[in-house]
Amino acid sequence: MANGILPFTMRLATGLCTAVLATAGLTTAFPGMDKTMSELQKRQGDLSKSLLGDLETLPDKDLTATGKAVRDILTGKAEGLDLSSQVKRVPPKTSSECAKDKCCIWKYVADEMRDAMVGTAGRCNNFARAAVRLGFHDAGTWARGNVPSGGGADGSIILAGECESRRSNDGLHEICDLVRTWHAKYKEYGVGVADLVQLSAVVGTVACPLGPRVRFFVGRRDSSEPAPEGLLPSPKADADKLIGLFANKTISAAGLVALLGSHTVSQQRFYDKGRALDPQDSTPGVWDNLYFKETLSSKAPPRLVKFASDVNLANDARTRPMFEAYGNSLKGQITWSQAYAREYVRLSLLGVYNINDMTECTRVLPNFMGSFDSVDKAKLDEFAAGELDSARVALMNGDVIPDL
Ligand code: HEM
Ligand SMILES: *[C@@H]1O[C@H](CO)[C@@H](O)[C@H](O)[C@H]1NC(C)=O
């Protein structure tokens with residue numbers, strides 16, 4: 001399997017927070033991996049399965065290579081992540097060679113995005129986390145059977161000004177402005193807003209240490225029609241409501257928990273304004289699975305702001321097992337990375353009806369960062385314990401927490 005097997009080894013050393021996630025092609029290189037793989041297979045059974053958009057009606061014989069690839073991801077036959085593909089050579093952006101390759105220009109865009117998304121500590125910053133949320137808030141406005149239809153990954157969050165006009169998008173203004181800047185710079189090369197938004201989300205993910213490299217497809221149609229309202233989740237909602245809301249987007253309870261794990265990098269500003277920039281786990285800017293453990297725990301560090309919705313899901317019988325599984329050290333990190341990637345590919349295609357005509361450009365994405373050393377671990381612990389308020393801004397920027 002070219003993209004799939006995810007043999008990370010992960011060492012969580014006490015004291016120095018070190019996580020090493022090595023990648024290689026062979027299960028045999030990793031004793032115990034077979035057991036892990038069967039565990040993964042079991043968990044994958046809980047993930048979302050249904051087809052989307054044009055793939056729901058197209059007969060198999062009419063599927064393009066992209067159509068087949070996406071079908072296999074959606075139905076659980078292929079991985080949604082790809083840790084290894086690479087661009088071999090990048091022709092100049094104005095060359096005809098670049099114009100002929102649908103992915104070429106996206107390499108330039110992805111590199112520029114990544115540069116904006118990482119700070120001096122190697123952690124991902126506010127643009128990265130906001131981009132991940134932006135991808136969700138554009139795509140997540142689609143629901144099956146919704147009348148009038150519309151919404152989905154169509155760029156309307158930018159093109160219809162939803163970013164500014166809807167309270168649910170508080171916290172996204174800066175990233176929306178940045179996406180507009182990128183669009184102004186690259187539109188002459190045929191770069192669309194819906195694809196830009198989704199690229200920013202997957203670059204934002206892999207820009208965070210340990211963040212999975214989610215497969216990326218281009219060719220979405222842009223729309224400046226406002227998306228239907230009321231289809232994004234409320235952080236006050238109970239588990240029933242949230243599970244139902246995501247079910248209508250074809251996302252299972254397990255899939256929802258996998259996606260929710262992106263709160264691992266979060267530093268909220270509007271949920272509790274008095275505690276702006278306080279994180280949702282004790283390692284903001286690192287894509288580790290501590291979020292699940294700490295959301296479950298009644299003894300989490302006092303610095304954390306937990307959303308009522310997250311706690312409700314962590315306590316519900318349908319979703320609690322996923323919090324436990326994904327939060328469980330190495331196995332959990334692997335299982336979650338795979339689940340997240342498959343579910344994010346799905347999310348990034350909600351409301352898209354030309355999937356069969358899209359193109360996979362995963363190879364333009366930045367490299368997967370499978371290990372991370374926190375050089376300011378002692379200060380980070382102090383911050384988590386409720387001290388050192390001044391660290392908020394450094395963390396926001398992904399920067400090393402300075403000496404006082
Ligand atoms: C039950 C569903 C969800 C609820 C209720 C929810 C709610 C929230 C809230 C209230 C915030 C804080 C915003 C702020 O105050 O600044 C937030 C942040 C965030 N959400 Fe969610 N969310 C949900 C699902 C998701 C999903 C599916 C994703 C992406 C796959 C996602 C990605 C993020 C990210 C990355 C942030 C951090 C943004 C930042 O720090 O700037 N969330 N979410
Ligand atoms: C899911 O969709 C159905 C049918 O459109 C609707 O009746 C129901 O209220 C939706 N559930 C949620 C939680 O939005």
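Note: Cβ is positioned from N, Cα and C throughout, glycine not excepted.
Model, not experiment: these values are computed from the prediction.
Per TrEMBL, Ca(2+) 1 is bound by GLY152, ASP154, SER156; the candidate from ASP138, ASP177 named for the same site is ASP138.
When TrEMBL is consulted, the disulfide partner of CYS361, picked from CYS98, CYS103, CYS104, turns out to be CYS103. Per TrEMBL, the cysteine from CYS104, CYS124, CYS163 that shares a disulfide bond with CYS208 is CYS124. Here the disulfide-bonded residues are CYS124, CYS208, CYS361, and the one whose Cβ sees the fewest other Cβ atoms within 10 Å is CYS361. In terms of C-alpha distance, the listed recorded positions ARG133, HIS137, GLY152, SER156, CYS208 place CYS208 closest to ASP288 (Ca(2+) 2 binding site). Across the binding-site residues listed here (SER156, THR264, THR283), the residue whose Cβ sits among the most other Cβ atoms within 10 Å is THR264. Sequence-distant neighbours of ARG133 (site 'Transition state stabilizer') (same chain, 6+ apart, CB under 8 A from its CB) are GLY171, LEU172, ILE175, SER262, SER266.
DSSP assigns CYS124 (disulfide bond) to a strand.
Cα distances from THR283 (Ca(2+) 2 binding site) to the recorded positions CYS103, HIS137, ASP154, SER156, CYS361 are smallest for HIS137.
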